[in-house]
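Peer 1: Here it is, the structure in full.
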Amino acid sequence: MATSTTSAPKPAMSAPPGEVSDLTDPENILWKFNVIAQTVCMTVATVLFLMRCFIRLGFSRMPLQWILEDWCLTLSFLGLVVYSALISTVMDHDGGVHQWNLEAPTVHKILYYFYVESIVYGPVICCTKFSILLMYLRLLIPQRWSPLWTAVHVFIYICALFYTGLTLTKIFQCHPIERTWDKSIPGKCINTPVLLQVSGLFNTITDALILLVPIRAVWDLKMTIKKKVAVCAVFGIGCIAPIFSVIGFIYRYRVAKSLDLSYNNPLMLLWATAEITTGIICACLPTLPTLFRRRHKNTTLTSSHSQSTPHSATRSYQRNKIVGYEYGEYLELDETPGSRSPPHDEMVTTTVRGGASPAASINHDGWSSGSGERLTDEDEMRNGAPGRGLGGGIVRTVRIEQTGTL
């Protein structure tokens, strides 16, 4: 009579000294950390990205400005969403559990998803760096072919070549490709740990150089020291990117010396998520002050905006009462003023005239009138907002006349 025997499950690797394999109910140390990290990273990145889109798409009274840097950042954000979803998939397949507590087939699944994640990482981080560098060119380096302009373009090409080569190398790191996640298959592989270390070192160096670009560019701009420091502070948030890059490099170095891939690889992915998130933060923050600055201007420049509104027929304006002065009426310059009562003794009559002025100035006995002024908003002209400044529309021209007798 034949008897069948069932072999006992074996761990994918031997437990280190002081540890015991637990194949029944192993503890997933990274699961809680992953939930917290993904929640924080995705929330911050999503909020900042949507706020930037709100501004760049013209919903904040700014003109529509959707250019290459915006497309790069959009691809980076979508890549972060995919990257985060894949990490959750890794964790659902016991990623974060020490390898001596898992069977070989389970480890193969973890390494397969890690292989996919490593391929996604290159294009995502490359698009993030592209978006930041293109933003620097737009905001801080207006002069073409300047040394800094040339350096940034060379930097862009180096990143493009490096991450293209890195991605292709990761795809074909083993022959056959299936050997990447299942070393029991006969074949050949490159030294993957060295590849990961080179990637981490390049990220650290490039992040540090990207941080220095705005500081160098801002210091060449013609503005006060106070404004330079303020602008550098906005771009200085990028200093957290090299920090996460250094941490990621450390864990890549750690993976090279450890066989516990089911734990170390997912941990490395979590730090890579932080790298991508900080890159998106750096690309979004310099745009956001525009939203709050314009809202502040809307509340403080009510008088100027009311007289510069396109096609506005309103003649009202804010008046501040001053003791000893009497305010007259508002008249178009091409209107003939009717008879008015003479001003009282020791009183001043102020008349605001709007329209086309035939004369630059008018003199009166005892008083001189101000010349014609065109009320414009310099920030609106620079931003090219529609209906104002260089953007077109009607801008009210007024002249203030003061007459009086002493």
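Including glycine, each Cβ sits where the backbone N, Cα and C put it.
Dumping what TrEMBL says about this protein:
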- 1-21: region 'Disordered' (REGION)
- 29-50: transmembrane segment (TRANSMEM)
- 52-294: domain 'Rhodopsin' (DOMAIN)
- 71-90: transmembrane segment (TRANSMEM)
- 110-136: transmembrane segment (TRANSMEM)
- 148-166: transmembrane segment (TRANSMEM)
- 201-219: transmembrane segment (TRANSMEM)
- 231-251: transmembrane segment (TRANSMEM)
- 271-292: transmembrane segment (TRANSMEM)
- 355-406: region 'Disordered' (REGION)
Peer 1: Give, as a single whole number between 0 and 100, the mean pLDDT over the domain 'Rhodopsin' (52-294).
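Peer 2: Per the prediction, mean pLDDT sits at 88 for the domain 'Rhodopsin' (52-294).
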Peer 1: Which residues, given as numbers and ranges, are at least 6 beyond the ends of the transmembrane segment (29-50) yet have a Cβ under 8 Å from it?
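Peer 2: Same-chain contacts beyond the flanks: 73, 77, 80-81, 84, 87-88, 91, 95-98, 263, 266-267, 270, 273-274, 277, 280-281, 284-285, 288.
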Peer 1: With pairs closer than 6 in sequence left out, are the transmembrane segment (148-166) and the transmembrane segment (271-292) joined by 3 or more CB pairs under 8 Å?
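Peer 2: These two segments do not touch.
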